[in-house]
Amino acid sequence: METSTQRTGSHLAQTAAARHSASSRGEAARVSSRDELAEMAAASQGNFEGKFESLDLAELAKKQPWWRTLFGQESGPSAEKYSVATQLLIGGVTGWCTGFIFQKVGKLAATAVGGGFFLLQLANHTGYIKVDWQRVEKDMKKAKEQLKIRKSNQIPTEVKSKAEEVVSFVKKNVLVTGGFFGGFLLGMAS
């Protein structure tokens, strides 16, 4: 005698097997609920017949600089892929946007710093704030000594490698870089 639990279990196994065979024939299997998805996952445990290779995305990202995804897999100059006008347009538009944003943020930052300095001077002259200049001088001397101790003439290897990548990109893509700097200056002026 078969119980309802056994019937349900065998029904689930038949459903999963039917779906697995349908998907293996190339037909699209539709999953209508989470329960069916869980059933399919449970039924397919250990039924993989091929060897799968894992892909380490962190290692791949280290080997693929961002400009390769933007300009293509070739690391060669973009002059081989795009016309002169296209390169100048790409560089000019991105440079203009960057310059415009830099100008707006720079104005806001300069206003905040200048306004804060103005308010501090006003508060100092009206007597709300008293500055202990001897203590400021003593703290500045301490900071100078600490900077002299930590001073190193060597550039870290990470910074050096990134700088080399940037220089290489600039050399290979002169038109895009020139367009960017021209657009940046236009964006700063507008």
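Just so you know, glycine gets a Cβ as well, placed from its N, Cα and C.
If you look up Swiss-Prot, you'll see 1-13 marked as compositional bias 'Polar residues'.
The topological domain 'Cytoplasmic' annotation in Swiss-Prot covers 1-81 (among others).
With a threshold of 8 Å between CB atoms, the same-chain residues lying at least 6 positions outside the topological domain 'Mitochondrial intermembrane' (103-108) that come near it are 187-188, 190. The feature topological domain 'Mitochondrial intermembrane' is assigned by Swiss-Prot to 103-108 (among others).
The topological domain 'Cytoplasmic' annotation in Swiss-Prot covers 130-165 (among others).
Taken from Swiss-Prot, the feature topological domain 'Mitochondrial intermembrane' applies to 187-190 (among others).
What Swiss-Prot lists as transmembrane segment is 82-102 (among others), and the listing cites sequence analysis.
What Swiss-Prot records for 109-129 (among others) is transmembrane segment, and it gives sequence analysis as the kind of evidence.
Annotation source Swiss-Prot lists transmembrane segment at 166-186 (among others).
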(request) Would you kindly list the residues that approach the transmembrane segment (109-129) from elsewhere in its chain, counting only those six or more residues past its ends and only Cβ-Cβ distances under 8 Å? (result) none
(message) Can you tell me which parts of the same chain pack against the transmembrane segment (82-102), counting only residues 6+ beyond its ends and a CB-CB cutoff under 8 A?
(response) 173, 175-190
(request) Note the mean pLDDT of the topological domain 'Cytoplasmic' (130-165), expressed as a whole number. (result) 82
(request) State the non-local partners of the topological domain 'Mitochondrial intermembrane' (187-190) in its own chain: residues 6+ outside its ends, Cβ under 8 Å from one of its Cβ atoms. (result) 95-103
